[in-house]
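TrEMBL has this to say about the protein:
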TRANSMEM  D:12-36  transmembrane segment
TRANSMEM  D:82-104  transmembrane segment
TRANSMEM  D:116-137  transmembrane segment
TRANSMEM  D:157-178  transmembrane segment
TRANSMEM  D:198-216  transmembrane segment
TRANSMEM  D:236-261  transmembrane segment
TRANSMEM  D:268-288  transmembrane segment
TRANSMEM  D:308-327  transmembrane segment
Amino acid sequence: MIPAFVAKMGPVCSAPMDHATTGMTLSITVEAQNIVDAITVLDAEGYMLEDVMASDLQEGFEITYHFSLLDGINRLVVRALVPHEAPRLPSISAVYPGADWHERECYDFYGIDFAGHPNLYNLLLPENFGSHPLVKPEKARKSLADLMPLGYLVDCGLAEPEAEKPKPAKVVKAATTEDA
Amino acid sequence: MQAFDPKTLAQDPTSVRFEPGPTEDKLILSMGPQHPSTHGVLRILLELDGEYIVRAEPVLGYVHRMHEWMGQEKTYFQFMPNMGRVDYLHAMAWNWAYAGSVERLAGIEVPERAEYIRVAVTELNRISSHLLWWGAYLLDLGAFTPIMYAFDDREFLLDILQAVTGSRLTYSYFTFGGVYNDVPEDFPKRCLDFVKLLRSRLPMYRDLVTDNVILRGRCEGIGEMDVELARRYGATGPVLRGSGAAVDTRRAEPYSVYPRFDFPIPSYPQGDAMARYMVRMDELETSCSIIEQAVSTMPGGPIAAKAPKTLKPPKGEACYAVEGARGKILVHVRSDGGPKPYRVKLRAPGFSNLSVFAELARGTLLADAVSILGSLDLVIPEIDR
Amino acid sequence: MSVSQLFEEAYTGLKSLVVGLGITGKAFCQPQVTVIYPKQEVDNLSSFRGHVELIGKDDDPSVPRCVACGACVKACPSNCLTIQCPVPVKEGDEGKPVVMGPAPQKGSKTPAVVIVDFSLCSLCGQCARACPVDSLQFSDNPYMVRLDRKEFQIDLLARLRRMAAE
Amino acid sequence: MTPDLMSFDHPLTRLVVGLLCVFAFVGLNGLVLVWVERKVAGHVQLRPGPLHVGPYGLLQPIVDAVKLIGKQLAMPAGADKYLYWAAPLLAFAPVTVCFLPLPFDPALAPMRLNTGLVLILAFSGLGVLSLILAGWGSNNKWGLLGAARSVAQSVAYEVPLLLSVMAVALTAGSLDLYEITTQQGAWPWQWYGVKNPLAFFIFLVCAVAETNRAPFDLPEAESELTAGFHTEYSGMGFGLFFLAEYASMIVVSGVAAALFLGGWQGPFLPGILWFLVKVYAILLLMIWMRWTYPRVRFDQLLNLSWKWLTPLALIDLVLVVIVAGFGG
């Protein structure tokens, strides 16, 4: 079950997830340019920004924002994909001031440029460090299809559902994601 | 006294960026990385007007060890000992967060006895963390004696944990699917004895420190924050509970066997340093009660599920949130099906808690800034990772 | 704030200060808890977890159970274990001096060299967990003072023989 | 037999001999106080304190002093050379002068002055100058902040201190410490501290603040200003500040003993012993307080002085005047 406000976020795709096996209840992918609008919706819903994580995939850098309400099982992740050549997306630190440091950390490790960030300098690494240590070499990168379970890929239209293998996770899903 | 000259700091890009303010009679002060009350190697650049803080900017990274990179380079098992080093004061919670996320990813069931042992040792570890915080905070405020009393009590606790895990600080006690080895026979009795001891000491703590008029003057009304500010900055744990929201991951997002225990969630609405102080003092009692319940109802059985010697979880991702002594610990692991994680992300609660500091310290006195910094309960290795 | 309130506050404040003095004064008269270490023994060494050591066979404690499979070497996150066995002699090379190579080596069921570099070890226990024959355990030796980090390369086979002799 | 300083006829001889004795006294007592402080701190914190050097660690302060003397005297770049080195000397010298008018014993008053009290207050006021010079001269921001704090603190606490001393001087009708002491008797109910407890209390609080002791050790507050005014001092430069702190503690305790606790007077024991017992009782109280309380904040410190101690001291003074007027 996907809550109503998700539609306002302009999602590219939204996939429910099973809290018992993933610790998340919902995954929402948005266009990188729309990230501020999408996150403003979450702010209005009273979500707390837990973390910003970037990972280096074949398709580009995937930035994952972890959100949850203060109370209850309702962690949702917002994902945005930026290409390797131009790793740039708007900063959300105006909406969530706590994102400031998380974005600087992503800048440290991946060199992702958060446009409109007030203070985009290295945070954990020295300011003149020069390189971005968590960027993987070309061959070590995996694509989304290698990293995500089939259920997610199907929900996002990245793969065809396999008819003979109904995911047990999908059954539990309805029971655990009805809050928020 | 020489005027502040940015050119003399050309070798230090951080300081250059921290330009002097609009007027010349501002003092730029670099508090740390070697400073008695920055708890390790945190550096805070302060812009002072007299003793009033105009601007404060924490500079991190002095103990940065790139744990997330190590997570990608090591196998699932090999990364486990790193967790005890992320936050050395509440190592068990980090152990748990990583073990929990990998268990979710690989679908490993944890036997019941292991869950009870996990709860007991994590709560013991939480008490040791809070006791150390208590002493260190009072050291920040200029009282030298309480830390010795706290360490005296903490010693009993470390002896218990040493008997269980073999080490006294950087535990790597959890394995995927359980715990490393079983607790000794007398573990429940020693835990109960310790709980009794701590309870008999808490009134002394209260009389010596909590009721002290000087301490109250240093803490009350200092660094006030509300729930909204905490939410926007992602501040969790005692910092959030000190702002009036009775939120605890152990209750909000129940994991393990915590739902079976009956414990209150202390929270204070004032939002100042004193409220955060009181939350932690109350949590000592809360943890005592959880330990009592856990060790008195601890079932028998195996202490670890059968986990393969080389773990290769299926592709996918999982997070696991744990209530650490400093707040919500979140570990996010992505797997590509291989023996090493594709990506490990560690959410350190202290990182988000410290990011509020700039907001809280603005306009306060230097001495208040020290008090606020202490009340956030920072462990720098956890923040720098 | 009325004057009476003000003085009441001052009274409670002063009282709390006196109570504090009372507590530290009482502590002053109590016996100390310090263990003056080299003169007095610390009483909880038995549960201390020191560097790893080999476990001997039940019938012959001077020979380790180790089968030189190299699992512990692979499991170690810090690469602090070294296990070496004689490299199998190739045809035509008979008579040449025996060359040692990292375990596992074909035909070797016992290790010739087992060294743990304690200066790298973080005492995580992954080696003991990985061992298929339970040949590794933590020692409880806390007296680890050396003048050179090279001296922390502990020869476990020699240690096992010494322990068995005692 | 007690040494008799009064046997020297010429006041100048007496002054020189007295000064030498004072130096010896300050040095020795400084060392003993360091030991006492560490031992008390240890026992309060359930640990033994200095233990290994000499019996009960008694020789520890000597070892520390030797260590301090042996250390390099470093000076930071950009420091004002003259001010920087003048400060520790200036911290130590005035304190020793303050011992001169103190009556240790009827026969052992280095200098009897009819304005002894004024001399002590004047010279102890000089002490703050050394803190300012140290903080300013060392070209260090922490030092500067410490110096700024010490100025405000000493200005604030001189006032109630003077007022509380004045209350006693008015009752005794003299500014000579010898005279004030003799006016009190050997028994506690004859002491001014018992007759006028408010003035005694105010004096004690101000004494702690004047000597920069915890909980009022703001100029050197280590968890805020690293070490405040003496951040940059090493070796004996720091040692002199250290010694001056203990010396001024002894001075204020001596003044308190003479003013409020009947000085050398007491039953059975010789006068000098009674005096030292009283001085050490006050010193112990100061040490005890240091190891019990957190540090107050700067504005709270000033508030305490201006809003509580100064008005109370004024009221006390008025009461004393009224009583003295009716009584005398």
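Glycine is no exception: its Cβ is also placed from the backbone N, Cα and C atoms.
Where the annotation comes from TrEMBL, it is an automatic prediction and has not been curated.
When each of D:116-137, D:198-216, D:308-327 is scored by its Cβ pairs under 8 Å to the transmembrane segment (D:157-178), the top-ranked stretch turns out to be D:308-327.
As a quick check, the transmembrane segment (D:268-288) and the transmembrane segment (D:308-327) miss the bar of 3 or more Cβ pairs under 8 A, pairs 6 or more apart, so the two do not touch.
Comparison of D:12-36, D:82-104, D:116-137, D:198-216, D:308-327 by number of C-beta pairs under 8 angstroms to the transmembrane segment (D:236-261) places D:82-104 first. The stretch with the most CB contacts under 8 Å to the transmembrane segment (D:198-216), chosen from D:12-36, D:82-104, D:116-137, D:308-327, is D:308-327.
The list of residues near the transmembrane segment (D:12-36) in space but at least 6 beyond its ends in sequence, with Cβ under 8 angstroms from a Cβ of it, reads 5-6, 50, 57-58, 60-62, 64-65, 95-96, 99-100, 110-111, 242-243, 246-247, 249-250, 280, 283-284, 287.
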